[in-house]
């Protein structure tokens with residue numbers, strides 16, 4: 001398309017894209033700025049994809065090792081080294097995004113392919129909300145640095161400023177270009193996008209580690225109240241070794257930072273997933289069929305919303321009581337754990353029931369699945385199953401601890417049905433969501449468009465009103481070849497057809513009766529389909545609010561896996577804490593990702 005020579009033919013041995021003895025093809029190694037994917041150019045692009053992915057993985061592993069070294073107080077590694085590495089990665093991404101935005105402005109007249117499944121509006125709104133709270137977090141970090149500036153590294157002041165600029169530009173970039181299918185400078189863009197993906201993953205890892213260390217310190221202090229005195233409590237907080245200039249503000253900043261971290265964590269993982277879809281779409285040949293816009297409507301989901309709001313309200317109340325009571329005394333801590341388990345068991349049982357009902361409705365329907373290739377949909381399904389493994393790991397650990405423990409406090413027995421229900425509920429919910437996003441979107445019913453309203457006048461003449469399809473196309477007549485008949489004996493007449501009156505006289509005796517039977521059959525089928533769709537929408541709305549409800553407890557410090565204490569005795573304190581710290585972030589992300597997927601299911605149903 002760019003005027004270059006044809007690609008080399010495939011040899012008898014099956015080699016393509018060059019090879020030993022293959023002629024050099026100019027223009028193949030470096031795409032032109034205005035070029036489109038050349039025919040047969042998949043091999044260089046596949047190599048570019050592999051190289052960029054390996055670059056991103058090594059970038060991530062280096063940052064992960066640096067993060068781990070800081071967490072375990074490795075000799076010669078300080079927090080300033082980690083922050084310097086993250087600042088460098090963010091600055092490189094900022095330069096790449098500015099270059100991409102400037103190039104997009106200069107090529108505004110070019111028609112670009114778009115992936116209609118990527119970058120949904122509700123997803124952009126969600127990431128914007130998390131980004132706004134992340135900016136508040138950055139402002140708290142700046143205030144914290146100012147108060148402790150005497151003993152903190154300058155990087156701790158530079159990091160939140162750079163992160164705020166990175167957040168603002170990245171959100172703008174995702175709003176404008178999340179749907180792009182890049183067809184020019186593909187090799188360079190692959191490296192830029194994958195750099196952005198792993199930069200966000202490292203920022204997510206840093207947020208998870210910082211928030212987990214804070215939760216671990218609180219957890220160690222609570223264990224004493226539950227009677228686990230044999231566990232050595234060594235606090236591991238990187239507190240500044242100097243006094244704060246204003247004690248009140250320091251307390252507000254230090255406590256507020258940890259309450260805002262869950263939103264920062266969700267922001268970075270959502271940004272990385274959206275950027276990953278953009279990376280997968282580079283050079284992709286998109287099928288030119290537009291996805292129907294499916295706006296969210298509150299109509300018809302009142303029941304699901306009411307029950308979901310009840311669950312959400314009760315969950316917030318349970319979390320508040322839990323955080324107040326846990327750690328006060330042994331009795332209060334056991335009551336708080338019992339209250340949490342009973343509430344969670346009730347909610348999970350309702351969610352399992354709703355998911356089973358939805359799957360049964362799907363079994364009764366005969367609708368095909370959409371198996372077309374779509375990176376966004378494939379990533380959604382993989383994230384659901386992959387992140388659910390975090391909760392399943394914690395649940396199986398709790399089940400084994402209950403079975404193998406020698407002594408069982410009363411509240412630990414509630415942990416058994418809770419852990420079992422967590423496994424079952426996520427299994428059922430994953431089936432429901434994955435099947436929902438793969439089901440073909442319901443098309444407009446042709447019978448509704450071509451429905452005829454039959455009226456019998458005093459003179460026994462049959463008049464047919466124009467259909468919706470005819471009115472839309474500006475016609476007042478109907479074509480026999482285009483319109484399906486509701487009754488086998490009904491005839492679609494033309495105003496200019498002289499035989500119409502004879503046909504009307506022939507069929508006027510039996511047309512009203514047969515039309516009534518057909519109309520009853522049509523409306524009965526339509527009523528059943530509407531009822532099924534209404535039930536599915538209510539179930540999706542209910543599960544959406546339930547997943548938001550179950551995201552709140554672990555995100556804001558209500559973690560019985562920490563406070564139960566039984567798992568630490570069976571597995572050992574350090575091994576179980578490592579398991580929890582690795583699995584909990586995935587469990588938290590699963591709930592938010594499930595809520596986002598269920599919102600999309602509700603819009604499509």
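Each position is counted from 1, following the chain as shown.
Cβ from N, Cα, C; glycine included.
Unlike curated entries, TrEMBL annotations are predicted automatically.
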*Of the ranges 25-49, 200-224, 225-249, 300-324, which one does TrEMBL list as transmembrane segment?*
300-324
*asked:* Looking at 122-146, 422-446, I want to know which stretch TrEMBL calls transmembrane segment.
replied: 122-146
*Under 8 Å, at least 3 Cβ pairs, sequence separation 6 or more: does that hold for the transmembrane segment (158-175) versus the transmembrane segment (569-590)?*
no
*Contact call for the transmembrane segment (383-408) and the transmembrane segment (55-76): at least 3 Cβ pairs under 8 Å, seq gap 6+*: no
_Spatial neighbours of the transmembrane segment (122-146) far in sequence, C-beta under 8 Å, 6+ residues away_ = 152, 156-157, 159-161, 163-164, 167-168, 170-171, 174-175, 178, 245, 249-250, 253-254, 256-257, 260-261, 263-264, 266-267, 270-271, 274, 296, 596, 599-600, 603
*Cβ pairs under 8 Å with the transmembrane segment (300-324): which stretch of 82-101, 340-362, 535-557, 569-590 has the most?*
535-557
